[in-house]
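Chemist: Have a look at the structure that comes next, please.
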Amino acid sequence: MTHLTVYPDTDPATVLLDTRDGAEIAASLSGIGVVFERWDAPHALGEDADQTAVLAAYEADVKRLMDEGGYKSVDVVRVKPDNPNRAEMRQKFLAEHTHDDDEVRFFVEGAGAFYLRKDGRVYRVVCERNDLISVPAGTTHWFDTGAAPHFCAIRIFTSPEGWVGHFTGDDIATRFPKFESEPQ
């Protein structure tokens with residue numbers, strides 16, 4: 001279930017907000033310029049569904065998002081627990097970074113956790129199927145796939161280069177709860 005936990009960025013043991021209420025999540029994230037919406041991801045993906053199949057299944061949604069936001073490129077990231085590169089992928093995304101581009105993600109399968117650092121706080125957003133999140137360019141953040149990742153997200157960009165991260169070198173991600181610690 002979609003879950004927002006807010007911490008002071010200096011104290012991961014102190015919880016300032018903990019909610020699974022979609023409206024409260026959207027309102028809290030809106031306060032830091034992040035768009036969060038619940039959409040419908042009605043298409044079940046086959047085990048072998050590749051980027052082409054995923055984009056074909058969600059073509060109308062992707063086109064609408066790209067037209068509305070002036071986005072130029074799209075791709076799909078799909079990671080399963082048996083992915084041989086899962087550990088290195090996790091480490092790459094766990095490093096705090098920013099982008100020159102908005103980070104727009106529509107989750108169509110599984111779940112993962114965004115950690116957004118803004119105004120002295122860390123916003124941990126566990127996104128799952130049906131969640132759309134748009135993180136503004138320049139927002140300091142990291143993403144945790146979990147130790148046994150299972151998610152598929154459509155990624156939409158204004159830049160034709162796609163995902164380009166600018167790493168901060170800060171080890172803040174090592175101090176906050178990892179995604180696999182998410183209570184069910």
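First residue shown is number 1, and so on along the chain.
From the backbone N, Cα and C atoms, a Cβ is placed for every residue, glycine too.
Owing to the predicted nature of the structure, the values given are computational and were not obtained by experimental measurement.
From Swiss-Prot, here are the annotated features:
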BINDING   H97, H99, E103, H141  Fe(2+) binding site
BINDING   H97, H99, E103, H141  Ni(2+) binding site
SITE      E96  site 'May play a role in metal incorporation in vivo'
SITE      D102  site 'May play a role in transmitting local conformational changes'
SITE      R105  site 'Important to generate the dianion'
Chemist: Work out how many Å separate H99 (Fe(2+) binding site) and R105 (site 'Important to generate the dianion') at their Cα atoms, rounded off.
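Modeler: For H99 (Fe(2+) binding site) versus R105 (site 'Important to generate the dianion'), the Cα atoms are 14 Å apart.
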Chemist: Distance check, please: Cα of H97 (Fe(2+) binding site) against Cα of R105 (site 'Important to generate the dianion'), rounded to an integer number of angstrom.
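Modeler: Rounded to a whole number, the Cα-Cα distance is 16 Å.
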Chemist: Near H141 (Fe(2+) binding site), how many other Cβ atoms are within 10 Å of its Cβ?
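Modeler: Within a 10 Å radius of the Cβ of H141 (Fe(2+) binding site) lie 23 other Cβ atoms.
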Chemist: Suppose we draw a 10 Å sphere around the Cβ of R105 (site 'Important to generate the dianion'). How many other Cβ atoms does it contain, all chains included?
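Modeler: R105 (site 'Important to generate the dianion') is surrounded by 21 other Cβ atoms within 10 Å.
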Chemist: H141 (Fe(2+) binding site): which of the recorded sites E96, D102, R105 is the nearest Cα neighbour?
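Modeler: That would be E96, the closest of E96, D102, R105 to H141 (Fe(2+) binding site).
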Chemist: Rounded to the nearest angstrom, how far is the Cα of E96 (site 'May play a role in metal incorporation in vivo') from the Cα of D102 (site 'May play a role in transmitting local conformational changes')?
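Modeler: Approximately 15 Å lies between the Cα of D102 (site 'May play a role in transmitting local conformational changes') and that of E96 (site 'May play a role in metal incorporation in vivo').
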Chemist: Roughly how many Å lie between the Cα atoms of E103 (Fe(2+) binding site) and E96 (site 'May play a role in metal incorporation in vivo'), rounded to a whole value?
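Modeler: Given the Cα positions, E103 (Fe(2+) binding site) is 14 Å from E96 (site 'May play a role in metal incorporation in vivo').
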Chemist: Roughly how many Å lie between the Cα atoms of E96 (site 'May play a role in metal incorporation in vivo') and R105 (site 'Important to generate the dianion'), rounded to a whole value?
Modeler: 17
